[in-house]
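One structure is given here, and the rest of the page talks about it.
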Amino acid sequence: MPRPFHLGWFLQGSSVQAWGEPWTGAIGRDWMRPDLFTDMARALERACFDYILVEDSSYVGEAYGGSREIYLRHGLSVPRQDPSIVATLLFAATQRIGVATTLATFTHHPYLLARIMATLDQVSAGRAGWNMVTGSSDMAARNLGLDGLPEHDLRYDMADEYMACVNALWDSWEPGAILADTESGVLVDHEKVHSVDFKGRWYSSRGPLNSGPCMQGRPVIAQAGGSPRGRRFAATHGETVVANPKGIAAMKAYRDDIRALAAAAGRDPDSIKVLFLVNPIIGESAEHAEMRRLERIAAADRRIAQRLAHFSKVTNIDFSGFDLDQPIDEGLRTNGHQQNLDTLKRMGAGGKTLRQAFTEYSGTGLSVDLCGTVDAVAGQMAEAMQEIGGDGFLFSMGDVSRRVVAEVADGLVPALQARGLVRRAYAHATFRENLLEF
Ligand SMILES: Cc1cc2nc3c(=O)[nH]c(=O)nc-3n(C[C@H](O)[C@H](O)[C@H](O)COP(=O)(O)O)c2cc1C
């Protein structure tokens, strides 16, 4: 039997529920209410997913053409609700699936973040994860009264210290500190709760944490560093690393690199699960899937301005003035998400136009193209995992619709289960234990 792999779902645009997407029902149009997401969480739990990763950023985009118009008009990551509140609702609707909430190091003081995550871990009975990001836009920083974000690599140096601070706060309650002894009337053993007195270069906190301890000791750390410095960070702190390298060779190289960096940092590489972004195209037959693939490419081309606007948002590069039919400028640089820009440049190698490179980048598959009937796609996923070595996939299907969720949860996953490729039941109650099960 092959070793099973893990499944996650990347929930983007965490409030605009399937805007403009058919197959959502009337509720799908009511973007403020959580019904579509809570139904999705139940469906993914039925399919025994490891986790849902709730994306976040804290600003309205305006990198494209120096205007907010395209972002607001099409609901590109706006309106966006607070992810920790969305996560709470997902937890309330489920019992086993993990939820990793995105919170950035520059938006929350370490004390506040440690407290929010401990609370989420408690109310979910040990199912909380933290998608640990350092941010990518000066505009978000300005919303918080800062002039801008620190330089890319410095952000990760600061994040190392941030991790030391939140870890100290989570450790400020020793195991066994909560006695809850009705006979003696003692709730907490005060000798097992300690100050932290953390004084770093950038962050300080006295402690102890007043929320009490995390149920899991600390939340599961999700990370997506793609640059050399980001990968080093992910390999040091991440427990599930999510990434979008293009093609089997790049996926294998990425995972091998994370594992080698983890070993160099004194960690067991098997304690990190690398999940790759995918957006499979599923059809009733091979012909139907191929038709849907062509439709997706055509839709990507029709919406190229919207897609470029999203790309502008994460790279802070204004693509609105670029000629789509000219080659990509090799000299482009970003202080935002470096890996995304590097991938686009690679797609454009050999003099391809921006349109061609971008269609290839975003119009077809993500890490690896998956297309066909559920059985065919299950086979393609098995083959990819065999070549790469592990550890699973993170579905990134754009906006959520009931049809897309059902295709994956009730179509593809049973086909994967029939081949013994994914779990049929949760073995454990907590996020980390399920992640480390295989
Ligand atoms: C699957 C995935 C999810 C991500 N989610 C977020 C997010 O919610 N918020 C955010 O600011 N960045 C997010 N990022 C960006 C990463 O944190 C990181 O900045 C990016 O992968 C580039 O790597 P680098 O920082 O090493 O250049 C995500 C990246 C990936 C691949």
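Cβ coordinates come from backbone N, Cα and C, glycine included.
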Same-site FMN binder from Ser227, Ser271, Ser285, given that TrEMBL records Asp56, Thr102, His152, Tyr156: Ser227
Listed binding-site residues are Asp56, Thr102, Tyr156; which sit with C-beta under 6 angstroms of ligand 1? Asp56, Thr102
Given that the record lists Asp56, Thr102, His152, Tyr156, Ser227 as binding FMN, what is the largest C-alpha to C-alpha distance among them, in Å? 20
Taking the Cβ of Ser227 (FMN binding site) as reference, which residues of that chain separated by at least 6 in sequence fall under 8 Å from it? His152, Asp153, Gln338, Gln339, Asp342
Who sits close to Thr102 (FMN binding site): which same-chain residues at least 6 apart have their Cβ under 8 Å from its Cβ? Leu53, Val54, Glu55, Asp56, Pro83, Trp130, Asn131, Val133
Intrachain C-beta neighbours of Tyr156 (FMN binding site), sequence separation six or more, cut-off 8 angstroms: Thr134, Gly225, Arg229, Gly230, Arg232, Phe233
